[in-house]
Amino acid sequence: MLLPSALLVFGAGSWGTALALVLARQHYPVYLWGKNPDHVRTMQEQRCNARFLPNAAFPDNLQAVTDFATLMPAVQDIIIVVPSHGFRETLQKIKPYVTSQHRLCWATKGLEYQTGLLLHEVARAELGENIPLAVLSGPSFASEVAAALPTAVTIATNDTAYARHLAQLFHHSSFRAYTSNDMVGVQIGGAVKNVIAIATGIADGLKMGANTRAALITRGLSEIVRLGTALGGQRETFMGLAGLGDLVLTCTDNQSRNRRFGYYLAQGTDITSAQAQVGQVVEGVHAATITHQLAQKHAVEMPIVEHVNHVLTGQCTLLEAAQALLAREPKPEM
């Protein structure tokens, strides 16, 4: 029999599984939905996600499922953790079953590729104005979260009561959630840092040195702040976990898919092969194009993003992009 406090997590990749484990450690009944029946069946049999997090055993209160429709009446909190290109599709799947009892949080870091919309705009378009919405973001590699290594994130929502509820829901001795009311800033920080991480991966692959990496991170943060504030985000957000924190993590550690992708490009690997070598979705590839378009639309100067996009769309080589950035006219830092 389903309990009213059951939680439903959509997305059985590494990040969705890690967050399901965090929630399960709080002894809530947690259901982890996956779209691939064979993958779900394997998780059910092996009691772990052997494909992505083989060392993280599922507790008894965490169940992998393919049928979500029968679970929806027993669920209030829905957590979506799918790649950005599948976000709207997932909302459309659950839309017929969503009622006023439901609340929606997502941990997807990206923008909608086809429209350039932020994900809260997509959620409002699909689910209307009456469902509380929130976004979870911050410096958080799935493998470390699954291993219960200390992690801190930001949860942003315009609903104060929902913010408190989610912070408590995710609270664990190894997982701390801070709250914010800046949904725009938190989403921009989480999406655009992936583009900067590709740049730092390229620089490291070209053996340009630690100084270059530090410069890219710092100037990349400036670009994120400029775009984020132009879209209505709060400057302070970008100095926190969802901004600087996530940027530093993603640009400096080899667990970062986007950094590894950039590194593989610098080794001479083509884009398709580099993505295959990473083995999971590289959000920064689509984010580069969308972010560049947003920057042009809002007249925001973002040279690092611009040149990453040019590399990914074949408009220049890696070395040409690096040379173009270094050849820019001197200007005040701030």
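Counting begins at 1 with the first residue displayed.
Every residue, even glycine, has its Cβ placed from backbone N, Cα and C.
According to its DSSP assignment, LYS193 (active site, proton acceptor) is helical. Around LYS193 (active site, proton acceptor), the same-chain residues at least 6 positions away in sequence with a Cβ under 8 Å from its Cβ are LYS109, GLY220, ILE224, GLY243, ASP246, LEU247, THR250, CYS251. The active site, proton acceptor annotation in TrEMBL covers LYS193.
Look at TrEMBL and you will find GLY11, ALA12, GLY13, SER14, TRP15, GLY16, ALA142, ARG257 tagged as NAD(+) binding site. In sequence order, ASN49, PHE52, LEU53, ALA142, SER143, ALA146, GLN280 constitute the residues six or more apart from SER14 (NAD(+) binding site) in its chain with CB-CB distances below 8 Å.
Cβ contacts within 10 Å of ARG257 (NAD(+) binding site), excluding its own Cβ and spanning all protein chains shown: 23. In this structure, ARG257 (NAD(+) binding site) is part of a helix by DSSP. What TrEMBL lists as substrate binding site is LYS109, ARG257, ASN258.
The domain 'Glycerol-3-phosphate dehydrogenase NAD-dependent N-terminal' annotation in TrEMBL covers 9-162.
Looking at the domain 'Glycerol-3-phosphate dehydrogenase NAD-dependent C-terminal' (182-321) alone, the prediction's average pLDDT is 97. Per TrEMBL, domain 'Glycerol-3-phosphate dehydrogenase NAD-dependent C-terminal' is recorded for 182-321.
Note: the Cα of GLY13 (NAD(+) binding site) and the Cα of ASN258 (substrate binding site) are spaced 16 Å from each other. Comparing C-alpha positions, ASN258 (substrate binding site) sits nearest to TRP15 among the binding-site residues GLY11, ALA12, TRP15, GLY16. Using a 10 Å radius centred on the Cβ of GLY16 (NAD(+) binding site) and all shown protein chains, the other Cβ atoms total 24.
Under DSSP, residues within the domain 'Glycerol-3-phosphate dehydrogenase NAD-dependent C-terminal' (182-321) fall into helix, strand and coil as 108 helix, 0 strand, 32 coil.
A sphere of 10 angstroms centred on the C-beta of ALA12 (NAD(+) binding site) encloses 25 other C-beta atoms.
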